[in-house]
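Trainee: Below you'll find the structure I mean.
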Amino acid sequence: MEKASEAPPALPEIPSSADYDSISDASYVRSTRLPNTPHSIDTVDAELTDSMMRIEDGRYVTYQPSAGALKALLKSKKYRYPSSNHSLIESSNLSSQSPGPGARTRHVDRYPTWSNDSVMPIPISREEIWTIIQDLTHKFGFQQSSAQNIYDHMLIMLDSRASRMTPTQALTTLHAEYIGGYNANYRKWYFAAQLDLDDDVGDRHNNRANGKNKKKKPKKESGISTSDEKIEIPIDSSLEHAELRWKQKMNTLSHQERVQQLALYLLIWGEAAVIRFTPECLCYIYKLAQDYFVSDACQRGEGVPEFTFLNNVISPLYDYIRDESYELIKGTYVKREKDHDSTIGYDDINQLFWYPESIERIVLKDKTKLHDIPFNERYLHLQDVNWKKSFRKTYKETRTWGHVFVNFNRIWIMHICMFWLYITYNANFMYMTAKEIKAGNTAKQWSMAGLCGAIATLLMIIGTIAEWCYVPLTRRNNGVLTRRFFMLLLLFFANVGPAVFVMFINFNQTISTLVAIVQFFLGIITTIVFAIIPPSRLFVKNKKKDENDDTRKSLASQTFTASFPTLSYKDRCTSVALWVGVFLCKYIESYFVLSLSFKDPLYVMTTMKITGCVKGTISTMICQYLPKVTLVMMFILNLVLFFLDTYLWYIIWNTIFSVAGSFYLGISIWTPWRNIFTRLPKRLYAKLLTTIDMDIKLKPKVLCSQIWNAIILSMYREHLLNVDHVQKLLYQQASNVQHLIEIDPNPWPPNWLISEQWLQVQRESDGKHTLRTPTFFIFQEDTNFKTEFYPEDGEADRRITFFAQSMSTPMPEPVSVENMPTFTVFTPHYSEKILLSLREIIREEDHNTRITLLEYLKQLHSAEWENFVKDTKVFAEESSLFAGDHSNLSFTNMNAMDISEKIIDAQMEKGKIDDVPFYGIGFKTASPEYILRTRIWASLRAQTLYRTVSGFMNYHTALKLLYRIENQDAFSEKMSEHDMEADLDAMARRKFKFLVSMQRYVKFSREELESVEFLFEAYPDLQIAYIDEVPSAEEGAQPEYWSALIDGRCERLENGRRKPIYRVKLPGNPILGDGKSDNQNHAIIFYRGEYLQLIDANQDNYLEECLKVRNVLGEFEEYVPAPSSPYSAQHEPVAIVGAREHIFSQNIGLLGDVAAGKEQTFGTLSQRNISKIGGKLHYGHPDFLNAIFMTTRGGVSKAQKGLHLNEDIYAGMSAFTRGGRIKHTEYYQCGKGRDLGFGSVLNFTTKIGSGMGEQMLSREYYYIGTQLPIDRFLTFFYSLPGFHINNIFIMWSVQIFMIVLILLGSMMSSVTLCDYNPFALITDPTTPAGCYNLTPVLEWVQRCVLSILSVFIIAFLPLFFQELTEKGLLSSVSRLLKHVFSLSPLFEVFMTQIYTNSLLQNISFGGAKYIATGRGFATSRISFSLLYSRFAGPSVYLGGRIFIFLLYASVAIWQGEYAYFWITAAALLLSPFFFNPHQFSFTDFMVDYREFLRWLSRGNSKPHSNSWIAYTRSARTRLTGFKRRTLEDQSANLAGDSPRAKFSNIFWSEIMMPFIQALLCMAAYAFVKSSPAEQSNTKVPHSNTSGLMRVGIVAFGPIALNAGAVAGCCVIGFIIFYEVMVVLENFNFQHALLGLIAAMSLQRWFLRLLTVVCLTREMQHDGANRAWWTGAWYNKGLGWHAVTQPGREFVCKIVEMSLFATDFLLGHLILITLSLFTLIPYVDWWHSTLLFWLRPSNQLSAPLYSVKQRRERKSISIRYGILFLVVALGMLLLIAAPVLVGPMLKFGLPRFVVTL
């Protein structure tokens, strides 16, 4: 084999410490660092050294006061410090910065444990590794830059492992995890695809390669366990023997072979691009490449050109994947109009390589099968594979609700069957005669109850039929489903047959009873079996190990879809106990509350027979069947409530278990025995330091003090603490000052942490020089001691308290920094703000913003701003000293203390200077450094990338601190500070990387590029990966795409860009999905180390949390290598370690606190429990991932467009189904921002709801739902899809309840009610005669209201208990009351509807896409028209329907419990406007009204995006879709690219459901018109009217008017026909209202039907609409469509004018309601107090307007106020006058009118 002779690549070396302060030449950046003057220091406060200057340089870089200034401030506080030479506060000398220019250059090895000079001998040198990589690169045509990247990636991985194990173990375990180990994905795939049976890729009958291409047996390598080598393993098809042969083979590999296999896999992975999403496809490519590499042809052959592998192997697969979703139109790739069920996606491609039969289907373009070619030649033919003929759908993600029956069948069985049992037991009068009941004949009762088994079987049959529609009918699948289907049929007949016998054939008491009892127990057993056993295991025989053929058939499915990690015995018992408690309480409560209480209403409605109705076909039928119809609706409502109860009890029991867990872990404040503050120093020493490995020469207090002081000073530098707080919290020295001065009279500059001389004194004096412990540790928990150590309820309070609580929880023991694994923080970035500009923080966002961002932040963080201003003033004085005449200052004769005292003196002399500029904008002089400080301060309190980067760069600081503390002797006193800093920096860089994937970097604006450069200046180790797009030299050709990596040390090019470290070519545009997952995937090749922490660009981290990183990484349980061979059976690996999130935006107001509360309940309280019982997945951030496990199984997310919208959870599901354990930590948390504005909350909620809709279609839910054991399945269901299905049931229960009220109201208003006697039996005679006893029904209505209400109330329970356990009773009660008084329940109702709507819309229409939610502060007022257009479809229309239904119910049968539903209607109608800042400002309200009228009218003469017609067209396109090919028009960009919804998808949701609602409403109205009471009141006896003609006139009359009239008449037409209905009902408001409800329901259905059936696709532009109104059909960009569009547009206008009238009237009614609030004095102040939680004194002031603007706004208020008043009075008069005045009028209607 030819050996490449090239030397290892010249990879970027660790730069010298001299390079650190010259990172960037950004024009606006200037450094003002204090000089390091090596002279004596004042002994009074010498312990505060200048090393404090650099505790948090990472956040404010060099733009902050020196440590000397802080010392002087402390001195000015008259606090006496015992003097010494150096201070323990020097522990603050930590930062990501290195010493400035002039430092001595030190060469630092990047891979110290993998070098020839390492302590342990390495099995293979770096040069040999590089030679192997180069050889592979030449043989396969990999890219040189990719090879260099993989070389660095591989060596860092080896170095990381070799730091805690021998180098040989490091290489062997790494190879085991990637290739040959028990848990390696490649090994699992190798056996699943049956490649062990024959080298011919699963062909068990082709033996051509045997004996022909035998490989030489590798030499035995010493040092590795080979206990199986001497065993004679027979060569057969046994899986067990195959696994033994594999293990033996792996153990005998040489080190060179291991490196070669590793390098080949990583090189393929490094260039695979989007193919990385298909892990088994990568395994297949690797297998072919490895077979080819060991062949003689490869070894004898010459190298191939660079990019050969990319062009021949990856590009064809990429092209196929891209073409499945996109088509090329006019040189641009456009999304195909294909849904998931017809798109072959990543998972379909990947599953081709699971089964040997599928692999055999791979054919070449000449129709030759690939597996017919000798195995060592197949790689060369990959470029000729016809992938279109090879791939097929392996699971159809059809957009139907059938997935719910397949995936969650056990849920429906557990509820519907039990509901059937309860009802049939209590309501035997429904199927038994009174005589049978009196005789005690129980046979029918047993039999009817036993039909639960038939119902369970029927549900299973429905699920099996649905499963047939989604799973391709291969021989294996078809056999399983067919067997299950016929077995279910037999069971169904077995359960139904006895019932037929008992009910209809044999009525012999004894025999029937015996048969019925047998049937009952058979039904119970059937129900229990189907409810517990996963569907995939039904009627499947147990497979024994020796049944090799059957075992192998299911091995792939078991390996990749059902390798669920096992639970410990304790955790499994916890899981079972949780669900036993849930269902035990649920079944007991539901029996008494829902079932037993339903008995009397059932009896009443079952026995009710309405008499005396008008004779006629329709009237008679309605009178006869309306009670039955009402009973059916009551049944459905009760069943829905039966489902809701379960989720309610899940919340309760999950909260109980989680709170109990918090007590066990010690994170509750109700565990006083933990003494979290008193014992904190000891816990710091025991849990954060590797005390076992340390050569302890210092007392634990000394070591702990360095950690504690660093934490406190980091908070000071972040302006969370002031000087008074710092001096109370710091450890301080109490020692002999003079003794130290004699040792070292010239201690400047200081050492890293503490003086080496002081440490030597500590060692020699046996503790005589002691530390004074802060009183904080003792008195913080003493309620009698009153002092302020930090601002109460501030950020410092929260951080210190959580840190102290977390240290009392169990956590893994850390390893030393030198031995810890390397990890990477990975952040995807698209367009998130990097660093706020000065313009953004001191100017209003727009004319609707009342306050600048800076002013708003100053009010939110007033104490922090005060600290910042003081710090800035010190910095300004300090800088002014150095800006003047240096000769006068005599710097050479001054030390830091002298300088600092001069600063204080200067401040005192200028005490009368006006400080308004400082407190106003943070600076007085517009110098770049002052402006930058203010920008940084604001950016650190907003959701910016700078906050994220600076926060997580604390890992660098933490590792330096820990390494220095634990290696005191390694840093001798003779070592210079620069050398010490360089060594510490090198260690931190070696163990920690920060990678940001900036997808848009090459398209950044100048401001964004400047912000990136500032990041590089502050953090030169920060790495940024981006997509480099290079236009093609050929005209019309697609551009080239590259993945590139840069950092702060990369060379600056002439164009201002940086020269990349690595630049890897891609096969095409890597963004094929929704963006985020693709952005992660292209950059994943640049990560380093063994673990990844996934972080969003709106998160934060803190030094004290970063100190725990070694403990968190210990959760992966890989610190100590297994004693056995890594190729032997191992425990299931930990794939993901989750962590808590603190929502730092919770203090913004109500919406921010709601978002924080949801995160606390779901991200903390729920995860604490469900992670223990095996139900946690990967929900986002800040989770740690096992990098090897995840990257070999498809990456950290999935990327099929639309389907994988919530991309991160699929990584969790993939890890879960493939055997990875997922854990959760309680002791570690990161900060995270949430959406704060109402619009952004809607976007986020819509994204989550739509993503859940896509998840329900996914194959992952199918695998988990049909294969998980019952207890873990229930945990999975109720923690994920169950939440959203529960929301659907809540909103359905409200709507069904409204229908029930309509039906009951129509009956109660038309019949005589009986006198109520609570002590009478339901069967007793009633009075008066002919009455109907509906009182039990009304009582049932009351209970239903309470049941629905309890679901909403319980939603606040988890947050209350979470707050109670962690912050106490007062905090929990106050937070709950703040939510209640801020009308948070309204917001919760609204959010429930948004979740429901987004999920239902997605299932019906699809179109899920990533929504940029926005992360700014919600200080801007949004116009009414914009809010209305956003929320009308999801919420307002439903609120309007509920309002009018409830209005009728309140008039017909008023009950006090209806108040809750009035609140619900108000929430759905008014929430978008109530939670809008300054909604009730009168002038803004009138300006809003003007904009609303303009919004309604514009867009017909010229295109306008913000218009009613644009909103209507956009809403309609979900039904019609857009025409595919874009026509050139200026308005084309107003349209999206929505596909037309399939008719089968929208048939039920858009046609049948509105039709059923219309029928029910018309039936209620017809009953009223046909009832005896109505006929007795009419002046025309025996009119034989059902009222349906009236409904038709009122419903279709406005539509007919719209079809023949001009615009503007539609609103008048609606009002006219309202008056017509009132007149026809003889001014009876109750009946008129019911008629209007029926007419509106009928009209709504008809308009939907008209839209779906008659309207074709929309144009991409609005030319047809403008042509309609202008009459000019030509020159509108219509082309030949000008012939057909007039007819289509006519239908559109009929529909549009009806919708316009609805929006006009509904919008005005909402405005009229809101206008009442504007009349309340000071309403804007009170509203802002509720919304922002700001005191009236801190309210946002009104914006300042010019005289002209004020005059104009006043004029608008007057003119449009008058117009609004006229319109409002007119509408109210037209609506109310007929009802109020009509009864006074006496006139008769013609007979034909009455009979309508």
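In case you wondered, yes, glycine gets a Cβ from its N, Cα and C as well.
Just so you know, TrEMBL annotations never went through curation; they're auto-generated.
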Trainee: Of the ranges 263-285, 401-423, which one does TrEMBL list as transmembrane segment?
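Mentor: Per TrEMBL, the stretch marked transmembrane segment is 401-423.
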Trainee: Quickly jot the same-chain residues contacting the transmembrane segment (1431-1453) by Cβ under 8 Å, restricted to those at least six beyond its ends, or write none.
Mentor: 1242, 1246, 1291, 1294-1295, 1298-1299, 1301-1302, 1304-1306, 1308-1309, 1338, 1390, 1393-1394, 1397-1398, 1461-1462, 1464-1472, 1511, 1515, 1629-1630, 1633-1634, 1636-1637, 1640, 1703, 1706, 1710
Trainee: Would you kindly list the residues that approach the transmembrane segment (1705-1725) from elsewhere in its chain, counting only those six or more residues past its ends and only Cβ-Cβ distances under 8 Å?
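Mentor: Tertiary neighbours of the transmembrane segment (1705-1725) are 1424, 1428, 1432, 1436-1437, 1440, 1469-1470, 1473, 1478-1482, 1485, 1489, 1492, 1496, 1611, 1614, 1736, 1739, 1764, 1767-1768, 1771-1772.
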Trainee: Quick one: mean pLDDT on the domain '1,3-beta-glucan synthase component FKS1-like' (256-367)?
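Mentor: Mean model confidence (pLDDT) across the domain '1,3-beta-glucan synthase component FKS1-like' (256-367) is 93.
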Trainee: Mind tallying the domain '1,3-beta-glucan synthase component FKS1-like' (256-367) by DSSP state, helix then strand then coil?
Mentor: 73 helix, 10 strand, 29 coil
Trainee: Within the same chain, where does the transmembrane segment (650-673) have neighbours whose Cβ lies under 8 angstroms from its own Cβ atoms, ignoring anything closer than 6 residues to its ends? I mean 6 or more beyond.
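Mentor: Same-chain residues near the transmembrane segment (650-673) but 6 or more away: 574, 578, 581-582, 585, 781, 805-806, 808-810, 1165-1166, 1168-1170, 1172, 1226-1227, 1278, 1282, 1354-1355, 1357-1358, 1361-1362, 1365-1368.
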Trainee: Three or more CB pairs closer than 8 Å, sequence separation of 6 or more: does that hold for the transmembrane segment (1546-1568) against the transmembrane segment (1459-1476)?
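Mentor: No, the transmembrane segment (1546-1568) and the transmembrane segment (1459-1476) are not in contact.
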Trainee: Answer with yes or no whether the transmembrane segment (1340-1361) touches the transmembrane segment (625-644) by the criterion of at least three Cβ pairs under 8 A, sequence separation 6 or more.
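Mentor: Between the transmembrane segment (625-644) and the transmembrane segment (1340-1361), contact is present.
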Trainee: Who are the long-range neighbours of the transmembrane segment (511-533) in its own chain, taking Cβ under 8 Å and residues 6 or more past its ends?
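Mentor: Hits for the transmembrane segment (511-533): 409-410, 413-414, 417, 442-447, 449-457, 459-460, 491, 494-495, 498-499, 501-502, 1270.
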Trainee: Which sequence positions outside the transmembrane segment (1459-1476), separated from its termini by at least 6 residues, show Cβ-Cβ distances below 8 Å to it?
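Mentor: Distal contacts: 1150-1151, 1238, 1294, 1297-1298, 1345, 1348-1349, 1383, 1385-1387, 1389-1390, 1393, 1421-1422, 1424, 1427-1428, 1430-1431, 1435-1436, 1438-1440, 1442-1443, 1446, 1710, 1713-1714, 1731.
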